[in-house]
Amino acid sequence: MAEKFESLMNIHGFDLGSRYMDLKPLGCGGNGLVFSAVDNDCDKRVAIKKIVLTDPQSVKHALREIKIIRRLDHDNIVKVFEILGPSGSQLTDDVGSLTELNSVYIVQEYMETDLANVLEQGPLLEEHARLFMYQLLRGLKYIHSANVLHRDLKPANLFINTEDLVLKIGDFGLARIMDPHYSHKGHLSEGLVTKWYRSPRLLLSPNNYTKAIDMWAAGCIFAEMLTGKTLFAGAHELEQMQLILESIPVVHEEDRQELLSVIPVYIRNDMTEPHKPLTQLLPGISREALDFLEQILTFSPMDRLTAEEALSHPYMSIYSFPTDEPISSHPFHIEDEVDDILLMDETHSHIYNWERYHDCQFSEHDWPIHNNFDIDEVQLDPRALSDVTDEEEVQVDPRKYLDGDREKYLEDPAFDTSYSAEPCWQYPDHHENKYCDLECSHTCNYKTRSPSYLDNLVWRESEVNHYYEPKLIIDLSNWKEQSKDKSDKRGKSKCERNGLVKAQIALEEASQQLAERERGQGFDFDAFIAGTVQLSAQRESADVVDKLNDLNSSVSQLEMKSLISKSVSREKQEKGRANLAQLGALYQPSWESQFVSGGEECFLISQFCCEVRKDEHVEKENTYTSYLDKFFSRKEDSEMLETEPVEEGKRGERGREAGLLSSGGEFLLSRQLESIGTPQFHSPGGSPLKSIQATLTPSAMKSSPQIPHKTYSNILKHLN
């Protein structure tokens, strides 16, 4: 037993001395870890909640929770026995001493189970649900009379003893004081209630709410006890509001206009008749229970029953006894809120000078910097003398904060009678991890800092967004793999684009050099015609002989044109022969003799060379295409030039020399391509593939980069 106790002390950091033994983990509260232990002084099992004090925010939450639970004393609220420091030391009444500690322990009443575990077994009988609902309302009446908002009511925070069927409200880690005599609009924290139990007003105005938010959560819990499942289980705020609008009527026109300005795509002209009323969601319940629930789950908080009014409803008359439903005799007021601010002001500088642990793994950048007080503490009262801009740190629940900032659509309203409740999600990429908010809550961008989620929708394309579809479970690993694959593809395509551009530049330079060389060697026919026209326009003079001599010299130049043309044709024929050799045409050793003897072959080769130059000119004007596409298109043209049948033996020999496609459709390696030394690829059949730059001239091929083709798709397309 001693070894087990020491191991728990080391693993979880519980340091309470030898008084408390047999520690067992129970779960996580609003802002701490909860264990059960046996108190050796009274031999009784208790629940111990450890709150780690690491920064001013945690100190503020601990101060607030301790202040509230010390004053609350009710049969339906979990009792607190004592508050201890490290090693089980007793704390003084001065709560300011917490700033000198690194942790605090709250020893409270141990309960057998919670309502969430009970509902996992199935729905409750209506009589049991009514009994638990009465106790919940009885506790809420006392809490609200003390000017306290719980702000985190859910089945996991309602504890039950199954022997006597007693229900008690616990976990006040997110509770706060709110004096109803002062306005708190704009100075309340956002999104503290678990999403499934948030009221419509809390979804529309996260910074402006009242005690009615606890009543909405109580109504959702009552419906869950009757059905065994969550009443409104939305994946995000938009879907949560959508589910509410399907079942809860919007009676007031001002509420409909507010919804119309925020989410017009889901708003109809008549919202008083929901598509799925509560009678469909809760089949089989009594009429009195349905009427009771409909008066609690109202869209407008002004129409919602308070805890005291709900206890007076006829459905609760079987248990209701006003004289046994006490209220707080010492409620909190605005002074208690201001005292928290002043206390934090006095100890603010001291908190930041806490010594770091020697084995702490946090860097200087990991410690939050707070230059102002918390916005949650400021009220519209002259006694609140602080200008606060920081926001309250929101505690995380495993079922909260399951979505990012992409939550609302600001689309043009589509008013018609056909109301579609299906949301339109355009992005299929998503990842799934049900504990995403515990792992990446600081980067998920879910905890919005705007006055209203639904009023200020911004599609943030520059930031990583983890949710594109309404999912309750997200997979962070899939998202990381998808983002890695996308970055690899982008890098690869960029590299290939750079290589193709270089090849295109080399091809254009080679074509320009060839054109300049042809212009330098040819006969200037335009100059000859211009001189002849100018000479014929002039009158004959005495110096006729000299002009005739000039004319004769021009004629002699014209006669030399045929000789020059022959040399040019010969050069073109040689170039065409080289191109045909590179393109894999049938190479014949007696090329010269065939050109001299066969006039038809000479004409075809000249025509082919002209078509090649024409194709190059067209390609310069059009958009760039892959060099493999050019290669295969020219190969098809060269195959059309074959007019004479070739013997089967010679054809096989020439195919091996040229390195083109064999009859089986496989790529063979030619001697010319081996000399180029291009990188190799592997086809699905296992035969090696090489990048081919046959369209470049020999001079350009020496300087052009050897770049592999990015896929086999273009090659296989030409094969087919």
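From the backbone N, Cα and C atoms, a Cβ is placed for every residue, glycine too.
Keep in mind it's a predicted model, so treat the numbers as computed, not measured.
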From the ranges 236-241, 332-337, 374-379, 476-481, pick the one that Swiss-Prot records as motif 'FRIEDE motif'. 332-337
Measuring Cα to Cα, how many Å separate Gly32 (ATP binding site) from Asp152 (active site, proton acceptor)? 14
CB contacts for Gly32 (ATP binding site) [other CB atoms within 10 A, all chains]: 22
Cβ-Cβ under 8 Å from Leu26 (ATP binding site), same chain, 6 or more residues apart: which ones? Val34, Phe35, Ser36, Ala47
Taking only the CA atoms, the spacing between Cys28 (ATP binding site) and Asp152 (active site, proton acceptor), expressed in whole angstrom, is 13
With every protein chain in view, how many other Cβ atoms are within 10 Å of the Cβ of Val34 (ATP binding site)? 17
Mapped DSSP class for Asp152 (active site, proton acceptor), helix or strand or coil: coil
Which whole number is the mean pLDDT over the motif 'FRIEDE motif' (332-337)? 73
